[in-house]
Amino acid sequence: MAFLQDGNHTAVTEFILLGLTDGPILRVILFTIILCIYLVTVSGNLSTILLIRVSSQLHHPMYFFLSHLASVDMGLSSSVTPNMLVNFLVKQNTISYIACSIQFGLAAFFGTVECFLLAAMAYDRFVAICNPLLYSTKISTESCIQLVVGSYIGGFLNASSFILSFFSFIFCGPNRINHFYCDLAPLVELSCSDVSVSVVVTSFSAGSVTVITVFVIAVSYSYILITILKMHSTEGRHKAFSTCTSHLTAVTLYYGTITFIYVMPKSSYSTDQNKVVSVFYMVVIPMLNPLIYSLRNNEIKGAIKRQLGKKMFC
């Protein structure tokens, strides 16, 4: 049953996710591609976490943050990808009201934690390059734990505002969500109640997270750039730039897609374009992050070689 009679209203008890496409051939192709991406995402991020845990050379603050980023990337992708894969296999993919709220909240939680972790990693690079003598004091084990715990608390608070908004919506008519997961915009379109307050609350909450984290990242890299330009050694400049390149690439990809989805006016792009960008944001980027951080990081590449060497000679 998709609807439940409640007094003068018909309450929606489940939703239908329309997914990415109706074409049977395209569905098979997309299923194969996204399944491969998801498997690479899980294996790549798990490998990153395990490598950092077993390699004493990687027991540094930067890699502590990176291990949590890998965990969050797996969570972000897993909040939507398995259900999306099911959508390709069934004729009509339904999701219950409660399951929709959980998916909605998890996507908001992991997306928010990623923002805070990227900001924490930018601050870590700022201290390492601009104040190297104070690095061990400012980025202590206790400080790292506080920054990570703060990131998860921030994610929980922002996700709570999204979930509370979801439960304030009244769905009494159409139940077809034109997306591959329960996102805010299509849910707002389906609601038959006044959503103005809820939209303001979620916009303020998500907007605050974005502004705060972007500000921290921008200020950190402004000081980093100034410090690098003042360096007289070409080798020192190259080393400083190389430590920041991976993180800057990840930040650009992540915030670039967030800007397209949540900041640009909805009239400037179609729903289908939004779906494609959402796939990149929630499915592709979590796969790319381990590759971005490992391919340009000599310490990680060295740790991989050492672990492979141990396996070969055991």
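Just so you know, glycine gets a Cβ as well, placed from its N, Cα and C.
For Cys100 (disulfide bond), the number of other Cβ atoms no farther than 10 Å from its own Cβ, over all displayed protein chains, is 23. Feature annotation from Swiss-Prot assigns disulfide bond to Cys100-Cys192.
Feature annotation from Swiss-Prot assigns N-linked glycosylation site to Asn8; the stated evidence is sequence analysis.
If you look up Swiss-Prot, you'll see 50-57 (among others) marked as topological domain 'Cytoplasmic', on the strength of sequence analysis. With a threshold of 8 Å between CB atoms, the same-chain residues lying at least 6 positions outside the topological domain 'Cytoplasmic' (50-57) that come near it are 63-64, 66-67, 299-300, 302-304, 306-307.
Positions annotated as topological domain 'Cytoplasmic' by Swiss-Prot: 124-136 (among others). Sorting each residue of the topological domain 'Cytoplasmic' (124-136) by its DSSP state yields 12 helix, 0 strand, 1 coil.
The topological domain 'Cytoplasmic' feature in Swiss-Prot is assigned to 221-240 (among others). Same-chain neighbours of the topological domain 'Cytoplasmic' (221-240): 122, 125-126, 129-130, 248, counting only residues six or more beyond its ends whose CB sits under 8 Å from a CB of the stretch.
For 296-314 (among others), the entry in Swiss-Prot reads topological domain 'Cytoplasmic', with the evidence type sequence analysis.
Residues annotated as transmembrane segment in Swiss-Prot: 29-49 (among others).
Among residues of the same chain six or more beyond the transmembrane segment (58-78), those with a C-beta under 8 A of the stretch's C-beta atoms are 38, 41-42, 45-46, 48-49, 51-52, 106-107, 109-111, 113-114, 117-118, 120-121, 124-125, 128, 139, 143-144, 147-148, 151, 282-283, 285-287, 289-290, 293, 299-300, 303. According to Swiss-Prot, the transmembrane segment annotation covers 58-78 (among others), on the basis of sequence analysis.
Positions annotated as transmembrane segment by Swiss-Prot, on the basis of sequence analysis: 103-123 (among others).
The transmembrane segment annotation in Swiss-Prot covers 137-157 (among others).
Summarising the annotation, Swiss-Prot assigns transmembrane segment to 200-220 (among others) and lists sequence analysis as the type of evidence.
According to Swiss-Prot, the feature transmembrane segment maps to 241-261 (among others).
Annotated transmembrane segment per Swiss-Prot: 275-295 (among others), in sequence order, evidence recorded as sequence analysis.
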In the same chain, residues at least 6 away from the ends of the transmembrane segment (241-261) whose Cβ sits under 8 Å of its Cβ atoms read 111, 114-115, 118, 121-122, 125, 128-129, 210, 214, 217, 221, 224, 228, 269, 274, 277-278, 280-281, 285, 288-289, 292-293, 296-297
With the greatest number of Cβ pairs under 8 Å to the transmembrane segment (275-295), the stretch among 29-49, 103-123, 137-157, 200-220 is 29-49
Outside the transmembrane segment (137-157), at least 6 residues beyond either end, the same-chain residues with a Cβ under 8 Å of its Cβ set are 61, 64-65, 68, 108-113, 116-117, 120, 123-124, 127-128, 131, 205, 209
Other same-chain positions with a Cβ less than 8 Å from the transmembrane segment (29-49) and lying at least 6 residues past its termini are 20-21, 66-67, 70-71, 73-74, 77-78, 81-82, 84-85, 88-89, 279, 283-284, 286-287, 289-291, 293-294
Spatial neighbours of the topological domain 'Cytoplasmic' (124-136) not adjacent in sequence (6+ beyond its ends, CB under 8 Å) are 61-62, 65, 219-221, 223-224, 227-228, 240, 243-244, 247
